[in-house]
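Trainee: A single structure is presented below for examination.
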Amino acid sequence: MSTASETRVRSKAVRGAAGKAERPGRDGRSGRERQPWLPWVFLAPTIVGMGIFTVLPIIASVALAFFRWDIISAPSFVGFDNFAEVVQDPTVRVSFLNTILFVVVAVALQLGLALGLAIMVQEKLPAWLRVFFRSAFFFPLILSAASVSIFMRYLFNEQFGVVNWLLSLVGIPAVPWLTTPGGSAAVVILVYVWQNFGFSFLLFIGGLASIPVETYEAASLDGATGWRKHLHVTLPLLSPTTLVASVMAIINALQVFDQPFVLTRGGPGDSTRTAVMVIFESAFQRLEFGQASAIGVILTLIIMAITAAQFRLSKRFVFYQ
Amino acid sequence: MQGSNGTLRDISRRTALGALGVGIVGATVASWPRLTGTDIPGRGDNSLSIAIMGTAADAAARQKVVDAFAKVHPDIKVKVQAIQAVDWKDFFTKILTMVAAGTPPDVVYVATEGAQLFAEKLAHPLDDYLRRDADHMREYFADVHPSLVEAFMYKGSLFQLPIDWNAANMYYNTTALKQAGLERPADDWTYLDFRNTLAAMRKARPSDFTPYYWTNRLFGGVVPWLYANDTSFLKETKSAGGRWLWDGFYANDPTRGMRSGGYQWLEPNANDPKVFESFDFLRGLVKDGLGVRPEEGGGNSLVGLFASNRIGTTPAGGYWVQGLSEAGMKQDDYDVQFFPKWRTQRHQFGTAGYAIMKTAKDKDAAWEWVKFSSSLEAMQIVFPTPNTTPARRSMVNERLYAGKGPRHWKVFYDTLDRFPSTGPIPAPPQQAAVETALMKNVSLAVSGDERQLKSALDSLQRDLEFALRRQP
């Protein structure tokens, strides 16, 4: 039972929440007018944090792209030389091409697998099993990518790995997974997709749950069954979720590093070398921090361009209910 | 919020802000040492900061030598900082990050891979200290082979004193050898003898066994074969100078005349026909199922695989003995022999020692640490077990290998005496880029046909030209 004082407190709180800032005080001025600095006080921790840890490093990184710097000696201004060298470097070119190919294959697999499994789990499984599979498919994402890759490296070892041992049981000869260009690319994609599809899966589960049952019922009345129902109802209504999932998947995939670095070190040759690996190698192995920044700037521009293109295309292909 | 009297308590914004402020101040005060970096060993208390590659356990293991040092130099406080790393390249990256952050250590334990990078940019030469303490240091140099010392010479100056080292000798599994009906190979066995040995091993054990396991690294990968074939993937020259050291400390050494002011690797050499020939030999081993296709940077599982009798031979140094013993291998389960002969029997080795940083707060104190670490007393404390080969010849003895093997442990130090041209890992100041260039092309070179080999070597040549384009 509420007491009188409790009621007073509540009404005061409600008034405050409802628009205290707009209500004039005793001096006739609103709260915002009396304390104009107050919003900035609340925003300050975020602004300062973002400024120090995000904005300044971005500015410094872009500026660094115009300098030659090896950490030890003083930096020297070189204009656009770093960009020119980067563009001419065949390793950088190959690594960007690898990254684009990786994004195309890995993201397609990641989204396809996530969507297929989400539909299966949401439609075919009882509620208690759905909870289990949501956790199970998400679990790899919380593991360290480096640890997973070390583990996978053992599994895919040509001579002593479990994968080849299993294949040998059905008469398939040992596959040089990590020592041939095709094999190593396949393993990197496989490990990456296995570890990352859980996030897209959860997004699709959420998206599927938000589709009204009535829509499916209406489609059934119109004669749609099985995959046609999914083609004409599920996919269009999931398109906003697909947009978000694909944007995030592409941005993540463009920055792939851990899996190829640990599994193959970018080899054999440059077959699994990615853009971020080249950034790492330029900076911390060749001590060309300016060039590393230049590659980083180019990669950022590519990510921004692709994301902008996705949102532009979304106007034609995404349907909001 | 529910109050103790069951009524809602009104927490004002001012109170909340105050609590937040107190919380922030409290957290800042509590984490002040971390925020200011004063909790980093050696910072803020003027102690000498020593960086080694390893874990906290490795740093703790060095405590005995720190204690022994403190007895001799009670005025110099020392803190050992262990830095975990996958390999030396990774370790140097982390040291460079510390330099960039403005928190460089005073002394760093540096292996051959980084010796010239440090000598060129980060380290302080030891020449003046050695001249000053020449009488004291004579005993050290008399016990250490000049080949090891020469590896730390750079442009006529000495930057490190070798503490431990390892050559790429050839380990073999005695059981696999017996199963193949073979005896211990001769000291001067050739690369063709080696191939025949592998073929016999393969015949005796057709499956679940690899006659030759090798890794794709700068040490123990393709380089020992290149050295044996009197070539390398980089053109090796030597700089002038250094007579002060050789005349001063190795006046009676028969190899004094061939010593120099240090190695130089200024140009690529991947298009040398002998390089092609060496790679082609390895390609043949892979093609015929006698050797593995090497993974890049592999080797983590090597001890386990060798100890479980699944590998016939592999190149390694004295650092393996303790690991094999811990993995259950008995003294007679394996043995070691010189690397096979080709045009020469030149071996590859790597060594390590302390480098004083240019930025060291107290270089005299740092030198005292370097000097003490090279003493017999300190090295006996640091190397109680054969997990590396001590640079002092007198320490490589029966007692070190007793009960652990290998039977022919003398091969380790004899490598330097028998083959005085034995050389260090080719590691110019651009080592990281050079190593990346080599590693990325080796797998392709030995995995396909002759055309692919040629293409991989062309690519290696180009990558090396790019890596070496800026000379210091």
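Including glycine, each Cβ sits where the backbone N, Cα and C put it.
What TrEMBL lists as compositional bias 'Basic and acidic residues' is A:20-32. According to TrEMBL, the feature region 'Disordered' maps to A:1-32. If you look up TrEMBL, you'll see A:37-67, A:96-119, A:131-156, A:186-211, A:231-254, A:292-311 marked as transmembrane segment.
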Trainee: Can you find at least 3 Cβ pairs under 8 Å between the transmembrane segment (A:292-311) and the transmembrane segment (A:37-67), where each pair is 6 or more residues apart in sequence?
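Mentor: They are in contact.
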Trainee: So which of A:37-67, A:96-119, A:131-156, A:231-254 has the most C-beta pairs under 8 Å when paired with the transmembrane segment (A:186-211)?
Mentor: A:96-119
Trainee: When you scan the chain for residues with a C-beta under 8 Å from the transmembrane segment (A:131-156), skipping those not six or more beyond its ends, what do you find?
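Mentor: The answer is 117, 121, 125, 162-164, 177-178, 187, 191, 194-199, 201-202, 205, 258-259, 261-263.
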Trainee: Six or more residues beyond either end and a Cβ under 8 Å away: which residues meet both conditions relative to the transmembrane segment (A:96-119)?
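Mentor: Sequence-distant neighbours of the transmembrane segment (A:96-119): 133, 137, 185, 188-189, 192-193, 196-201, 203-205, 207-208, 230, 234, 238, 242, 245-246, 249-250, 253-254, 256, 270-276, 298-299, 302.
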